[in-house]
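A short worksheet on the structure shown next.
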Amino acid sequence: MAHSHLIALFLLISCTLPALYASDGDADPIYKGCVEQCEKTGCVGDKCFQHCNFSSDGKPIDGPWYLQEPLYLRWKQWDCSSDCRYHCMLAREGEREKVGDKPVKYHGKWPFRRVYGIQEPVAVALSALNLSIQFHGWMSFFILLYYKLPLRPDKKTYYEYTGLWHIYGILAMNSWFWSAVFHSRDVELTEKLDCSSAVALLGFNFILAILRAFSVRDEAARVMVAAPLIAFVTTHILYLNFYKLDHGNSFLLMSLTCNA
């Protein structure tokens, strides 16, 4: 159980840390000036972006920006602002490196280079690895129960927590999937999906811990224990998605729940 708690807590930390600390990079006047200039001219140094060329009515001259990017970048939704931020970040980090300064964060993230449009390739690879491990564990659990151990006459397993662990496996795989998507492209939607799935997994871990610790086997008793906790977790997810994506309070609240 402790292992599953740590996994869920790691997922929550991964989506909260960028917002818990201020970034020195995006407060840099040189970087800010570069971004402002880029959004007006569409260029950073010798590199220019077609989707930053606007007509007098504010529309791109050569059509929608998403039709002017390579195919593998279109689904990433890079626009003028995000491209200006990215290339100004690289330009500024190049200047800092020449004078011996260490890298700093920009908008809560370290200055990683894109790889085929992926923002954080290492984080994506690690999330994908964890997803594959969770899938392997879930399939191994399924094969063990249904093909290696004896079943009841009604084809159900003798293990009374089978359904709960199946739910845990699905929630864990869902969390790592959205973690990979979020680190691939950080936008509001992927951020909310990543954090919501992490909160859902951590909340279910808490429910599962209570049911296992007190050996709650009766279905009615399980519903009585789980219902208010599910309502709380659902309300918290709705709060994050439709009211305020408050990383700090969410992290504190779910950490206390996990430790409890």
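Each Cβ is built from the backbone N, Cα and C atoms, and glycine gets one as well.
Because TrEMBL annotations are produced automatically, they should be read as predictions rather than curated entries.
Owing to the predicted nature of the structure, the values given are computational and were not obtained by experimental measurement.
Taken from TrEMBL, the feature signal peptide applies to 1-22.
Look at TrEMBL and you will find 122-146 (among others) tagged as transmembrane segment. Note on the transmembrane segment (122-146): residues 7, 14, 112, 157, 159, 162, 165-166, 169-170, 172-173, 176-177, 179-180, 183-184 of its chain, located 6 or more positions outside it, place their CB under 8 angstroms from a CB of the stretch.
Residues 4, 7-8, 11, 127-128, 130-131, 134-135, 137-138, 141-142, 145, 149-152, 190, 193-194, 196-198, 200-201, 204-205, 208, 211-212, 217 of the same chain lie 6+ residues outside the transmembrane segment (158-178) yet bring a C-beta within less than 8 angstroms of a C-beta in it. Look at TrEMBL and you will find 158-178 (among others) tagged as transmembrane segment.
Look at TrEMBL and you will find 198-216 (among others) tagged as transmembrane segment.
The transmembrane segment annotation in TrEMBL covers 223-242 (among others).
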